[in-house]
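Annotated in TrEMBL:
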{"type": "DOMAIN", "residues": "1-404", "note": "domain 'Major facilitator superfamily (MFS) profile'"}
{"type": "TRANSMEM", "residues": "12-38", "note": "transmembrane segment"}
{"type": "TRANSMEM", "residues": "50-73", "note": "transmembrane segment"}
{"type": "TRANSMEM", "residues": "85-104", "note": "transmembrane segment"}
{"type": "TRANSMEM", "residues": "110-130", "note": "transmembrane segment"}
{"type": "TRANSMEM", "residues": "151-173", "note": "transmembrane segment"}
{"type": "TRANSMEM", "residues": "179-199", "note": "transmembrane segment"}
{"type": "TRANSMEM", "residues": "229-251", "note": "transmembrane segment"}
{"type": "TRANSMEM", "residues": "263-282", "note": "transmembrane segment"}
{"type": "TRANSMEM", "residues": "294-312", "note": "transmembrane segment"}
{"type": "TRANSMEM", "residues": "352-374", "note": "transmembrane segment"}
{"type": "TRANSMEM", "residues": "380-400", "note": "transmembrane segment"}
Amino acid sequence: MKITGVFKDPKWLAWVLQDVGNSAFATTIMAVMFPLFYREVLGAGAPKQLVLAMWGYGTAMGMLMTALLAPALGAAADQRGLRKSLFMAFTALGVISSFAMGLLPRGGWILGLAVFVAGSLGFSFNNVFYDSFLPHIASDEDRSLLSSAGYALGYLGGGVLLMLNVLMAARYGEAGFRMSFVSVALWWAAATVPFWMFIQEPPRALGDSYGLFARPLKTLRELPGDPDVMWFLFAFWLYNDGIGTIMRMGVIYGSSIGIDQRTLLMSLVATQFIGIPLTMLWAKASDFVGDKRALMGTLAVYLLICLFVPFIRTPYHFWAMALAIGSVQGGAQALSRSLFSRIVPKDRSAELFGFYDLSSKFAGVLGPLAFGVISQMTGSFALGGPLLAGFFLFGMAMLLKVRA
């Protein structure tokens, strides 16, 4: 399939557009503008070290809540035919939280952190159910390119909106930040309409019905009998810890070492746009070497980035790091999703993508938590980079055990 084929099938287009919609939350809110707004506006008058540490702890708490609930809700979605309903409900939570961020009072960092955690829950569960539709709408041979098209167009959509929001923030200051959060809510809601119209609920899973947590517990006991899924989830847990932590803590780290706001914003906008062609390039590479080998290539680049973190001193250094991240971030995410979709049974995709998200979110607990502790102990995040390098290294070692 060529990327133009995405625009010919309404189901594929509707699925890809959701990546365009929720990417606005990942870029404008999660990665770039809300961390700055939280630190400079919501945290005004509060001890900076406390505000930074609580950001790490609050993020970890949200990830832990998602991790505990994702497999159970995924299993319920498979058994009861609720995949689309739960997708829409958590999308609504993310949209409403984004809108609420524009209304937060100055100095209200505790309330702001709570709203951010709620929005992150909506975003995370949106992705659990969104990803689980992939094996139902695309054949094995189309999944790598469709998954990559989602990330590439997500980079485009998220990048365009981020660029407009950066301009609004530069022109209108605090009011521009608030308008940006409202724009994310409207953008995400609009992108969800085609999904609601064209994507149908997949068939319910056949077999015995279980309680909310009984089915995931049974699956956990059975995982050693499916070593490919088990080793992939362990590997994903480790290397995605690094990816997620870099995404969530990058702007906060840059700000803490004195990188000016303009450099932070513009370098991350550039990260979005460089990700568009390079995500598709990684998809093409997977056609020749396979999803697993291409994924290993992206993780090797991340490993080098982590080792570079303690040496960042100037805006040029931050630019180099941001562009390197942009060259592999979409590829790593798209190839992970595609590879996992190939090794899970279709009728249990929501449950197992719940474990995929569980693996991701337990990673999201450890990384930000470690950065919070490092910040309190040393007053700097710099030592977090070499720590994250170990997660990539051991994740790659476990990924070698997966038979692609």
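Cβ from N, Cα, C; glycine included.
A TrEMBL annotation is a machine prediction, not a hand-curated record.
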Should anything in the same chain at least six residues away from the transmembrane segment (294-312) have a Cβ under 8 Å from its Cβ atoms, list it; otherwise answer none. 239, 242-243, 246, 253-254, 257, 282, 285-286, 318, 320-321, 324-325, 327-328, 331-332, 335-336, 339, 382-386, 388-389, 392-393, 395-396, 399
Distant-in-sequence neighbours of the transmembrane segment (110-130), which means Cβ under 8 A and at least six residues beyond its ends: 15, 18-19, 22, 25-26, 29-30, 34, 37-38, 42, 54-55, 58-59, 61-63, 65-66, 69-70, 73-74, 77, 83-84, 86-87, 90-98, 100-101, 104, 350, 353-354, 356-357, 361
Contacting positions for the transmembrane segment (229-251) when only residues 6+ beyond its ends and CB under 8 Å are counted: 26, 30-32, 35-36, 56, 59, 63, 223, 264, 268, 299, 302, 305-306, 321-322, 325, 329, 332-333, 336, 339-340, 343-344, 352, 355-356, 358-360, 362-364, 366-368, 370-371, 381, 384, 388-389, 391-392, 394-399, 401-402
Taking the transmembrane segment (263-282) as reference, which of 85-104, 151-173, 179-199 has the most Cβ pairs under 8 angstroms? 151-173
In terms of Cβ proximity under 8 Å, which residues at least six beyond the ends of the transmembrane segment (179-199) contact it? 10-11, 13-15, 17-18, 20-22, 24-25, 28-29, 33-34, 37, 84, 87-88, 91, 94-96, 98-99, 101-102, 133, 137, 157, 161, 164-165, 168-169, 172
Please average pLDDT over the domain 'Major facilitator superfamily (MFS) profile' (1-404) for the predicted structure. 84
